[in-house]
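This is the structure, below, for whatever I ask next.
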């Protein structure tokens with residue numbers, strides 16, 4: 001009888017083992033989102049809080065005004081709504097310095113202190129002054145937390161999924177907005193229910209505070225602080241051992257181990273980019289989105305809609321569903337395309353609302369047309385103008401100045417949002433709906449033209465590649481340390497730093513990469529880019545996960 005030959009001899013076993021290892025590494029390389037997703041979910045609580053506090057007074061404002069004796073004072077009601085935006089401005093102005101000095105993680109945790117204290121003051125307040133103080137403190141926390149968590153998400157996300165993860169923050173904000181609408185449903189039937197709405201805001205703030213204890217610090221911030229060992233550990237936790245070498249080399253091309261001051265932002269090219277980022281927020285806010293968010297119940301009630309609060313819930317639901325779809329589209333169609341179509345569609349939505357006000361049609365028909373125009377407006381907002389700016393802006397700035405530049409742009413956001421919150425009701429009473437809807441439509445068309453001319457596409461590129469394309473070496477911030485490198489001929493970036501650190505300490509022998517530190521420099525070509533089709537299963541999974549995890553935030557700890 002013929003003896004069977006074993007399928008695997010020793011050499012074949014080694015080949016098979018090598019193949020299994022390569023397959024394992026390939027799977028790990030293609031699924032970097034698994035380790036990042038729980039951290040993104042925790043950071044997304046910052047956006048959840050922004051959405052929740054933005055909409056918490058939508059239905060409750062008339063009852064808050066009744067309890068605080070502000071029924072006849074529209075200007076005071078506007079202050080109750082918008083003073084949180086003043087606090088947001090103050091918080092965002094200091095967020096860059098706080099995030100650069102304490103780190104992204106600790107800055108986000110620090111933001112929860114005014115959020116918790118301010119939420120308590122708002123819930124127990126029986127005077128206008130205490131309510132205003134509580135809303136102001138909440139705004140400070142939102143200003144610090146929103147900027148810091150956005151930067152954190154952009155810095156820990158893989159390049160091919162950074163747009164998706166950035167859009168997930170918008171989804172979390174939509175969930176917070178929708179949650180505030182749903183929580184406010186009993187406000188008309190249960191006396192004092194609006195106080196419970198403020199108490200509930202403490203839950204996501206506590207999740208943000210405790211959840212960040214399980215998250216690593218941003219490796220880009222650690223690298224900038226010359227904390228090499230901690231940066232290595234953080235990168236391996238976030239991106240896996242297989243992705244570590246390429247990511248570390250890519251990081252070395254663009255990261256600088258120094259901290260910029262606000263004076264460094266006066267560089268001509270950086271000023272241009274900051275102005276572009278701020279302009280995106282101006283177009284976003286002056287197109288009326290916060291007027292819809294803050295006062296949709298008032299708009300529907302004035303138009304004769306039978307259940308104005310239920311209509312507002314429909315608006316929030318549309319915003320949420322379409323934002324989930326955008327997480328798939330943002331890295332497939334690109335940021336610029338989504339922004340342009342979004343601005344154009346929102347102009348059409350405002351035109352529909354203007355027609356509903358202008359045309360002599362029956363009240364019932366007018367209500368339906370106005371509701372349709374508002375829903376279409378929100379749909380187009382959620383496609384691009386909602387999620388894209390917060391995903392786009394961190395990509396536009398070098399790591400050296402990212403936190404401070406984001407702080408400036410978000411300060412503009414809070415200023416414009418505050419102006420809309422304070423002035424909408426007085427202008428509505430003075431000029432009427434038609435004037436406001438027409439103005440918002442014109443702003444949207446202007447925003448589309450601006451995006452078409454001034455914004456470049458950034459999908460599928462690492463933060464370092466984007467920095468190199470936007471800022472050539474001779475146009476980057478000229479800090480004293482960098483000038484010393486250039487004069488000494490040491491170069492700008494990783495090589496001179498690495499040579500110094502290699503002499504200063506041996507490479508961490510406990511690392512899985514048994515390579516000298518200098519071998520991690522960008523002499524090797526970057527990894528091949530994959531088609532979006534390779535990431536479709538990951539995108540579907542991550543979109544569903546963020547929807548589930550944001551709806552039930554405590555589930556985040558199951559993945560952590």
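Here the Cβ of each residue, glycine as well, is placed from N, Cα and C on the backbone.
All TrEMBL annotations are machine predictions without curation.
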Pick from 13-37, 213-237, 238-262, 338-362: which stretch is listed in TrEMBL under transmembrane segment?
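It is 338-362 that TrEMBL annotates as transmembrane segment.
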Which stretch, out of 102-124, 309-331, is listed as transmembrane segment by TrEMBL?
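Of the candidate stretches, TrEMBL labels 309-331 as transmembrane segment.
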Could you check which of 278-297, 458-477 is flagged in TrEMBL as transmembrane segment?
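In TrEMBL, residues 278-297 carry the label transmembrane segment.
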With pairs 6 or more apart in sequence, are the transmembrane segment (338-362) and the transmembrane segment (165-187) linked by at least 3 Cβ pairs under 8 Å?
no
